[in-house]
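Undergrad: For reference, TrEMBL lists these features for the protein:
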TRANSMEM  32-53  transmembrane segment
TRANSMEM  105-123  transmembrane segment
TRANSMEM  129-150  transmembrane segment
TRANSMEM  162-182  transmembrane segment
TRANSMEM  194-212  transmembrane segment
TRANSMEM  273-291  transmembrane segment
TRANSMEM  336-353  transmembrane segment
TRANSMEM  365-386  transmembrane segment
TRANSMEM  406-426  transmembrane segment
Amino acid sequence: MMFEATLDPEMTLRKPEKKNVSIAKNVGTKSLLAFWILGVCNNMGYVVMLSAAHDILGGGKHNAPDNPRECNTISTGAILLADIVPALTVKIISPFFPLHEHIRMVVTTVSAAVAFCMVGYSSQTNALWLAYTGVALTSFTSGLGEATLLSFMSFYGDKNVITAWGSGTGGAGFLGAFYYAAMVGLGLSSTATLYTLISVPVLMAIAFWIILDRPNISGSSSTSASAQSGESSESYQNSGRKIEEDANSSAYLVPTARSTHTFSERLSIMPKLVKYMVPLGLVYFFEYLINQGLFELLYFRNIWLTHNDQYRWYQVLYQIGVFISRSSLTFVKFNQLWLFAVLQCCNLVYLYFDSVYTLSPTVFIVFGFILFEGLLGGAAYVNTYYKIDTEMPIEEREFSMSMTSFADALGICLAGLSAIPLHNYICGLPLSSKAS
């Protein structure tokens, strides 16, 4: 196919010395792999902290004489709060500041390594304050990494980067939960398991600075326009040939630029994001209220899994569901984002009554509900960001992608706050006769 180069005021061709923005719309396999690895590494710490929550709080288990329920004195929702509030703060603030992705990624990787060391050492010394500090630092790094990379991927014209990132974050859930459960199950201490994860931020740095091909991003669209006005006709002919060559290699150039909106302009974009943020926030609220408010209480006695084992494998099954659905965008897409919120609410209602009245005769029924819960959460995530990337104007995508990540963080934070009284309420109820 032949392309004729034309002088378009919105098109900026690749000129390294001018720092123009020209991005291959079809991103190469190497960059897609990099985004997948970045998704895995960014969410790995967050997932491991939630998988380890029951062990971190293990010293607080109690059984009142008149209540045979096995409960921690502190809900795992407390760990969830430490694991999300810093991320929530970062996600609401960072979209209003310049991207500076290199500086942000240095902070993200270094902080993640320090966080693993802190939580690992706290498990060795039973210092809960140190554990909470380490979990909070993990939350900060995860939130900063996600907000930064979601904004950064808006400069890529290939929607497959969202699929790769989403699959990676889903993979982090499965790999993180499975790795922790398997290592502890094989006899490795939680402390040693956490120390081994220091390699994760190292891999993240390799993926971002070595594997990932990045666009040549200009400071503003006006710079691109002025640079274009000075091009000679010969330059455009050469550029036209370059476009033709790129087209023959299954890639062509698309215009984009860093967002240069003022603070008030960014605020004016936010009403457009409500239709994306509210359903996503509700899905995450319902699913994390299940995970941190009910998982510990969905306990089946006299089976081959201990209470701690059941909690860990609930996390694994949930993350398997997330991984499958976050990797599904290439094959299936959904337009009705509200459907995920409604179905997740139904999950919450059933599992609440199951935790109180032991409705399920076998643990496998609960396994099925938890897997479905993960499928809904993962599908809501990738379909929301796909719709933003395809429906929002290109000059608003960087801010929109970053700002929407605040919705899921807010939903998780509210779930953590709600999980604590919900957990305490159910702990105070008499045990169902079916579970005795």
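Along the chain as shown, residues are numbered 1 onward.
Using the three backbone atoms N, Cα and C, a Cβ is placed for every residue, glycine included.
Are these features on the surface or tucked inside, and what touches them?
TA: Counting same-chain residues at least six beyond the ends of the transmembrane segment (32-53), those with a Cβ under 8 angstroms from any Cβ of the stretch are 76, 79-80, 83, 87, 108, 112, 115-116, 119, 123, 135, 138-139, 141-142, 145-146, 149, 153, 160-161, 164-173, 175-177, 179-181, 190, 194, 197, 200-201, 203-204, 207-208, 211-213, 291-292, 312, 315-316, 319.
Listed as Cβ neighbours of the transmembrane segment (194-212) (distance under 8 Å, sequence separation of 6 or more from its ends, same chain) are residues 30-31, 33-35, 37-38, 41-42, 44-45, 48, 52, 105, 108-110, 112-113, 116-117, 119-120, 123, 141, 145, 183.
Sequence-distant contacts of the transmembrane segment (336-353) (same chain, at least 6 residues past either end, Cβ-Cβ under 8 Å): 275-276, 279-280, 282-283, 286-287, 289-290, 294, 298, 359, 366, 369-370, 372-373, 376-377, 379-380, 383-384, 387.
If you look at the transmembrane segment (365-386), the same-chain residues 6 or more away from its ends with a CB under 8 A from one of its CBs are 150, 159, 162-163, 166, 169-170, 173, 276, 279-280, 283-284, 287, 290, 298, 300, 314, 317-326, 328-329, 333-335, 337, 340-341, 343-344, 347, 350-351, 354, 401, 404, 408.
Residues 69, 71, 74-78, 80-81, 83-85, 87-88, 91-92, 95, 143, 276-278, 280-289, 291-294, 296-297, 355-356, 381 of the same chain lie 6 or more positions beyond the ends of the transmembrane segment (406-426) yet place their CB under 8 Å from a CB of it.
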